[in-house]
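Encoded as structure tokens, the structure appears first; notes follow it.
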């Protein structure tokens, strides 16, 4: 039987949180609420940034990209998770699993790169204010956004291609709530050192290096803030940079916890809840972090409602 025929008839079982059946209904309700908040909050930011000309700035251009990214990222895995929390079979076809793996990995990688771009935008705004419009002109912003998306999808294509040719055997039970490379590699019948090495190298490139660049940018921003004497300027810097730094923390800290924690009997189960946090909770909090106490957004809402 050829490989395509095998693909058409093969199904995986996503174990997810089946070890805690008493929690599945509660998890369904909580995850569904957070998913709705993610959809509403991120669509709100995208529409507001598009409709209000005062928000046609590099910061809100990148924020719109982040919101669209979060919408896609959660949608790549959460609807399937919600179905599986109700469905006792918890199955997913091979093709659907590969598609989910590809988009989840692509969008996760894109977010790592996009957060670096957003930190550079804040660095240019705070440390090079007189040259900001030159440094962050529209064409460069568009190029940086495109580069973020392209790098994420190329990286995912590499891993997905490697994963496609790995022969799988056994029970086809994926010990996670969505299809990801490490969980699928555990089902392999052959040595997977090449895949694991590739994953480790690309994780270093797209997780550790972006984190180092972000911290470097905020180190420079911190030094610039210490030299500021204007209270208004300080408040504006803390308002915009503080929000971005919080978003960075909510994304990178859980990711680092998953990839850096030592393998133990409980690490896989802990990893599921950590992954659930940055897949479900973080995307729903990002709009709140950027809009609460944000004068630009409040002003845009008032203008949209005709109160200004």
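Any Cβ shown, glycine's included, is placed from N, Cα and C.
Quick caveat, the model's predicted, so the values are computed rather than measured.
Check TrEMBL against the ranges 25-48, 169-192 and you find transmembrane segment recorded for 25-48.
Below 8 angstroms of C-beta separation, residues 17, 55, 63-64, 67-68, 70-71, 74, 78-79, 81-82, 85-86, 276, 280-281, 283-284, 286-288, 290-291, 297, 300-301, 304 of the same chain, each at least six residues beyond the ends of the transmembrane segment (25-48), sit close to that stretch. Beyond the transmembrane segment (205-226), the same-chain residues lying 6 or more positions past its ends with a Cβ under 8 Å from any Cβ of the stretch are 109, 112-113, 115-116, 119-120, 122-123, 126-127, 151-152, 155, 234, 237-238, 241, 245, 248, 252, 255-256, 259.
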